[in-house]
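Undergrad: Quick paste from TrEMBL:
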{"type": "ACT_SITE", "residues": "A:328", "note": "active site, phosphocysteine intermediate"}
{"type": "BINDING", "residues": "A:265, A:266, A:328, A:329, A:330, A:331, A:332, A:333, A:334", "note": "substrate binding site"}
{"type": "COILED", "residues": "A:502-536", "note": "coiled coil"}
{"type": "DOMAIN", "residues": "A:116-492", "note": "domain 'Myotubularin phosphatase'"}
């Protein structure tokens with residue numbers, strides 16, 4: 001469709017770009033008159049809305065899962081209607097094999113595809129943690145997904161937990177998700193375990209489950225006491241008792257300390273994000289409306305609650321050497337958040353690029369976080385959608401802000417992962433659990449995201465990363481006082497560039513650190529050349545030692561071959577352009593257009609956008 | 001008066017000092033005329049705290065048995081606690097601190113007693129003279145002149161001795177205009193935009209009163225700055241309502257009928273006690289670590305601090321825009337023209353003029369647009385966020401300006417020669433200092449106090465290379481363009497370097513900053529090395545050729 005206008009989201013004067021809109025099988029593409037391209041993957045589309053017809057045409061608003069919002073005006077209503085219907089169909093997929101991942105072909109051959117999937121090996125990861133060992137072993141109880149459909153096949157349990165105990169315990173746990181090892185802390189010999197809520201109702205008990213917990217606490221020689229963290233608010237947990245579920249009774253379990261930590265459920269989180277987006281998307285927003293909207297959305301409160309829970313867990317392990325069992329209702333949302341963040345705080349490996357991939361594979365993908373439902377990959381129940389994984393990334397981002405040198409990866413890495421959790425371009429996040437993924441043969445039919453990210457890891461490296469920032473298995477102790485939590489502008493306004501700083505320190509330092517490597521190479525070459533020359537002629541050799549190099553980030557092996565996809569990194573333009581300086585880019589210029597018109601009585605500059613009200 | 005009279009107990013042993021994020025220090029407390037000194041007796045790392053009495057904003061005392069505790073709240077927002085054994089000693093110390101921190105005579109302030117321990121390379125009092133500024137200007141245009149009309153500060157007490165005015169307006173006319181403007185602050189040149197020759201002027205409100213008085217000379221003066229057929233903008237930093245109310249008190253605003261070539265725009269910027277209240281609330285919110293998220297956000301909102309930041313930045317952007325984009329001259333004023341007016345004119349210059357983003361240029365801006373322009377520092381900065389006295393004239397006007405600069409600096413991290421520490425340093429010295437720079441309310445007072453002869457200038461100290469290094473931004477790359485900041489709420493942030501400075505450890509952030517500096521230094525070294533090697537190689541190659549063809 002030609003002559004389509006793309007409106008600026010925050011402009012109050014309807015500034016727009018005119019161009020042509022294309023629909024492909026996988027993407028929506030807009031090319032404006034200066035040939036700039038905007039690609040939107042159909043899977044990224046969260047909602048399409050047709051607004052009432054205006055004089056200039058029919059407005060079409062598209063909301064994306066990566067928080068991009070585009071506002072088109074299509075000149076003819078018929079076209080608009082067609083686009084609307086096509087987008088509705090294209091963005092709603094009924095079956096997995098219609099997803100982009102199944103048509104996406106990155107020109108990898110079969111062996112590369114297999115190798116890509118083998119990049120992250122969880123058995124290797126457990127070995128790195130130090131299991132199996134004298135106290136923990138691999139169990140084959142779930143080999144055929146017989147005991148628990150949403151768990152992976154390989155599970156680690158205390159050696160003293162026999163098969164009957166496992167089976168018994170799983171029958172007493174919601175969805176059969178019995179307590180298993182998530183992370184083992186070698187030095188403290190303490191473990192993070194995870195499960196779902198017990199089916200205790202008001203009084204039910206299960207001896208096998210009690211034995212199971214005993215086995216976990218006995219597997220820790222340093223401290224016989226263990227914590228049981230119920231990550232739900234107490235009220236929710238109590239309400240669950242009426243449905244025959246609930247929480248552990250301290251009297252029935254010996255040696256446990258029970259603790260609620262009060263993270264809200266997926267529905268609260270979904271509507272909280274909804275409110276946040278409503279506020280941040282308002283045109284002409286005032287500071288006070290923004291702050292009160294931020295407050296009433298509760299979003300930062302939830303982020304803080306998640307991080308507080310992780311800090312509680314970490315203290316139990318690092319200070320008391322006590323093992324901790326974490327659960328919520330089903331043990332795949334809040335439990336995943338808390339376990340993975342806890343491990344990230346405890347173990348510096350997860351703060352490396354590869355380690356973070358492993359962490360996501362382990363605590364999120366393998367343990368059955370329902371990515372398909374939560375991210376609405378297939379047309380499904382809207383009540384199942386929830387930004388649980390986004391919250392996890394936001395917690396990590398907050399940690400990165402507090403510890404700028406502790407992470408090998410940067411913000412762009414988190415944003416890129418977020419992008420692909422929703423893009424359905426790679427197989428990793430498709431489906432809800434491992435069993436489903438195996439049945440649908442994702443590993444044969446789709447590609448893994450991780451080798452591609454590793455391949456372009458240069459973009460994701462934190463130039464300030466210091467691997468010696470803290471000794472092996474070192475602990476991060478974040479400050480969770482409220483004022484440390486900030487609105488994540490680069491996530492929620494990733495595509496609203498006018499709101500961003502006009503010069504990026506990160507990009508600059510990244511380039512500089514690249515340049516330094518090149519310069520080091522140049523120096524070596526030049527020195528070699530000079531040596532050769534001066535061998536012939538008795539030249540004087542400048543003998544200056546190379547300046548002492550700052551610690552270089554650890555480089556990981558990068559697998560071969562990756563072709564860049566157009567919509568991959570939206571913000572990778574050249575670095576030193578100063579956007580505010582060209583008149584086309586800044587919002588005040590709109591003010592001037594209007595200044596010419598009417599005699600003003602009052603001028604209001606809102607949202608960086610100037611507007612006259614006469 | 002002798003300070004000794006105020007110091008009943010000059011020395012107490014076994015005093016314990018508590019500061020957040022540091023272990024407690026036990027030592028001897030000494031009071032001098034200007035300092036509170038605590039030195040630990042431990043030999044290994046003798047720690048000393050030197051606190052200027054003038055930095056103390058308020059103190060509280062508490063007793064538990066015979067152990068007294070004094071909590072000292074400073075103007076730089078720090079809070080420290082001293083445990084003093086002995087009821088009497090504690091009471092004495094407290095009353096001495098109270099008396100010494102609220103001396104009412106300026107000439108008793110520390111700057112008059114301070115003897116510099118460094119060699120003065122350049123006298124800061126003579127670093128930024130209006131004459132130099134005018135010299136620069138006259139190389140660009142001859143439409144302006146330096147007027148000595150205010151030589152004895154007789155025409156306008158809050159203006160400097162010399163001001164820059166349109167050439168076509170003589171001193172006689174200026175005298176008449178001065179009578180027509182609040183506090184005699186007639187329109188003077190604030191900034192000349194090299195790119196298009198447009199200017200920014202500032203003044204105070206015209207005294208039109210209820211009957212719409214006019215002054216032909218005033219109209220002539222500001223019209224003299226317009227190009228033929230061009231219009232100008234008057235930016236009034238009050239809302240239309242407030243400006244209208246001002247007429248009842250003899251003030252007012254320029255009527256369209258009398259200034260047909262000018263378009264008036266009202267941008268409301270808050271004043272005085274509202275700003276002071278805002279600061280008090282903000283600091284209170286930042287100092288309470290126990291707030292849950294909702295409470296923190298609502299307190300941050302209730303302080304309105306960021307709203308003020310947004311208002312000021314918006315007005316400054318508007319002024320800059322009129323000049324740069326619209327190609328129009330601008331006159332900025334509020335009521336007195338000593339507060340919000342200066343915020344707008346100085347910030348607009350930072351946006352427009354790359355020179356103001358260098359260290360020296362920024363110092364010059366502070367001298368021109370704040371000190372010489374008559375911002376009453378002594379009144380405004382007498383007390384800070386912990387003061388109990390609700391004096392009408394105390395207001396964090398300068399701190400708000402520095403915060404706005406910080407917001408722009410954050411959005412353009414490579415365009416400023418100075419870093420955040422430079423701004424924090426200026427904030428500290430504006431409120432309490434060993435230097436005379438920020439004493440007095442205007443040039444007239446400063447000249448009466450003989451500050452130039454009797455005190456040391458802050459600039460003499462700051463501009464020494466070893467000191468300056470601390471304040472250099474390693475990312476700086478001169479950028480000759482106009483920089484337009486975003487004023488969206490999502491782009492504005494709390495200035496943690498000031499408001500959270502004492503409330504959380506910045507160890508990891510500081511280390512990361514150091515790492516960044518190292519990286520940049522290393523880059524420079526490598527580049528120099530590559531160049532040296534290239535040269536050497538080239539020399540060798542020419543030598544070779546010479547040998548081949550002798």
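Each residue, glycine too, has its Cβ placed from N, Cα and C.
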Undergrad: Under a criterion of Cβ-Cβ distance under 8 Å and sequence separation of at least 6, what residues of the same chain contact residue A:334 (substrate binding site)?
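TA: Correct list: A:231, A:232, A:263, A:265, A:306, A:309, A:328, A:388.
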Undergrad: What kind of secondary structure is residue A:334 (substrate binding site) part of, going by DSSP in three states?
TA: helix
Undergrad: Given the substrate site residues A:265, A:266, A:328, A:329, A:330, A:331, A:332, A:333, A:334, which other residues of that chain have a Cβ within 8 Å of the mean position of their Cβ atoms, reported in sequence order?
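TA: Here the nearby residues are A:196, A:231, A:232, A:335, A:388.
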Undergrad: What is the total of other Cβ atoms whose distance to the Cβ of residue A:328 (active site, phosphocysteine intermediate) is within 10 Å?
TA: 27
Undergrad: For the binding-site residues A:330, A:332, which one has its C-beta crowded by the most other C-beta atoms within 10 angstroms?
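TA: Sorting the candidates by Cβ neighbours within 10 Å, the top entry is A:332.
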Undergrad: At a CB cut-off of under 8 A, do any of the recorded positions A:265, A:328, A:330, A:332, A:334 come close to chain B? List them or say none.
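TA: Nothing passes the 8 Å Cβ test.
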Undergrad: Based on the record's binding annotation for substrate (A:265, A:266, A:328, A:329, A:330, A:331, A:332, A:333, A:334), what whole-number value in Å is the widest Cα to Cα distance?
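TA: Pairwise Cα check on A:265, A:266, A:328, A:329, A:330, A:331, A:332, A:333, A:334 gives a maximum of 12 Å.
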Undergrad: Should residue A:265 (substrate binding site) be counted as helix, strand, or coil on the basis of DSSP?
TA: coil
Undergrad: Specify the secondary structure state of residue A:328 (active site, phosphocysteine intermediate) as given by DSSP, simplified to three classes.
TA: coil
Undergrad: In this predicted model, what is the average pLDDT of the domain 'Myotubularin phosphatase' (A:116-492)?
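TA: Value for the domain 'Myotubularin phosphatase' (A:116-492), mean pLDDT as a whole number: 93.
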Undergrad: I'd like the Cβ neighbour count for residue A:265 (substrate binding site), meaning other Cβ atoms within 10 Å of its Cβ, all protein chains included.
TA: 16
